[in-house]
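Inspection log for the structure reproduced underneath, given as structure tokens.
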Amino acid sequence: LKKRKVNILNHPGEHAGSNDANARRKYGVRGNFRDSDGELIALKNYMDAQYFGEIGIGTPPQKFTVIFDTGSSNLWVPSSKCYFSVACLFHSKYRSTDSTTYKKNGKSAAIQYGTGSISGFFSQDSVKLGDLLVKEQDFIEATKEPGITFLAAKFDGILGLGFQEISVGDAVPVWYTMLNQGLVQEPVFSFWLNRNADEQEGGELVFGGVDPNHFKGEHTYVPVTQKGYWQFEMGDVLIGDKTTGFCASGCAAIADSGTSLLAGTTTIVTQINQAIGAAGVMSQQCKSLVDQYGKSMIEMLLSEEQPEKICSQMKLCSFDGSHDTSMIIESVVDKSKGKSSGLPMRCVPCARWVVWMQNQIRQNETEENIINYVDKLCERLPSPMGESAVDCSSLSSMPNIAFTVGGKTFNLSPEQYVLKVGEGATAQCISGFTAMDVAPPHGPLWILGDVFMGQYHTVFDYGNLRVGFAEAA
């Protein structure tokens, strides 16, 4: 791991809230960044699905490969006391008896991730990242890694770069300790993820700066709206140049380096699946209900001033479909700004149809075309958190998918949002979009994982509590 000088961008002057001001006072940071040294951590790229780097824990350092995860806040590695989990047999394990700087804690801990979990206990020791030595850092020794999630993983553990608000056990995150000990001059870190898995350089994480070699133009910054995750407000999602009609009034989004794909609401992912020909899960119940109630819903949409009440009036709230977020349904009559539907969770599949139908009505489609369109969308309903396959030979005919962030449109081409596994006749193509529905008040929510961050160099600006995106280079 080499260290080289990286520049700090001069950020435009912005009004800083109390949290920003407190951060600057605490770390002695001025409003604008200045040139300084940043610590560069080289990352390895495994099939565009996992990006990991090396750290050392203890004295002398015991080496571990970790995912640097902006979607969580704890550091954990397998423990030498992990006796009964098969996953521990295939990964490096921390031995406290081999470290002269180890301090016992012993407090139990457990973390649940989207696709797996770990449990163990807290310990304290030094953590080495490149040339930076973080002293007296609390971390978790994992003694249980159930299931197969971590068994085949190319990494040993996870180093969280989220906020302390979501830290299990309220442990101080490594990034916070790094700042408190004055190891970096500026409270900012940045990611470049190389999407060419064949190249030797898989990517890089820079603590305390940004690398100008890996982005073009200026970063577009958006404020963090909820500390915990690196969460911000995102605007409309476009398929081609057409709105999906769901996030036009705003959706929450999280920049998450620990998630491989783009995860979003079933409502939009279904529309994307239909547009790119992804093979989703057929829902016969969805199709039969649309055939039965579709025409009546269209008639009510054309006349009803409060479309959010249509589903309950039609007694469709008993339909128990896949989990979804609260819907934002916009009136077709006055095209007023979207309001929260207020529908209970079981009503959401019906509300999803309302959104789809409204989009078609706006495009002056006929009743027959609207019914056929929604019927086809039923066939494309994805499995929650499931992957969808696409035809590798059809990429040239697929549309761009775009996200609106900070008033700017960030495009993804089919070559960028489709993951190709293998070569030649045996190649398989996986859609980079997966369904993940979050209940209010936290939803509707998108997770912009490596598929997005690989195309857009990402700056996590803790001092000003904002996230920045620029075209990667």
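Just so you know, glycine gets a Cβ as well, placed from its N, Cα and C.
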From the set ASN364, ASN411, Swiss-Prot tags as N-linked glycosylation site just ASN364
Between CYS350 (disulfide bond) and CYS247 (disulfide bond): CA-CA distance (Å):
18
Other Cβ atoms within 10 Å is the metric here; tell me which of the active-site residues ASP69, ASP256 scores highest.
ASP256
Do me a favour and check the Cα-Cα span between CYS429 (disulfide bond) and CYS88 (disulfide bond); whole Å is fine.
31
Pairwise CA distance, ASN364 (N-linked glycosylation site) versus CYS378 (disulfide bond), rounded so that it is a whole Å:
21
Would you mind reading off the Cα separation of CYS88 (disulfide bond) from ASP69 (active site), to the nearest angstrom?
20
Go through CYS247, CYS311, CYS350, CYS429, the listed disulfide-bonded residues, and name the one with the sparsest Cβ surroundings, counting other Cβ atoms within 10 Å.
CYS429
Measuring Cα to Cα, how far is CYS311 (disulfide bond) from CYS378 (disulfide bond) in Å?
17
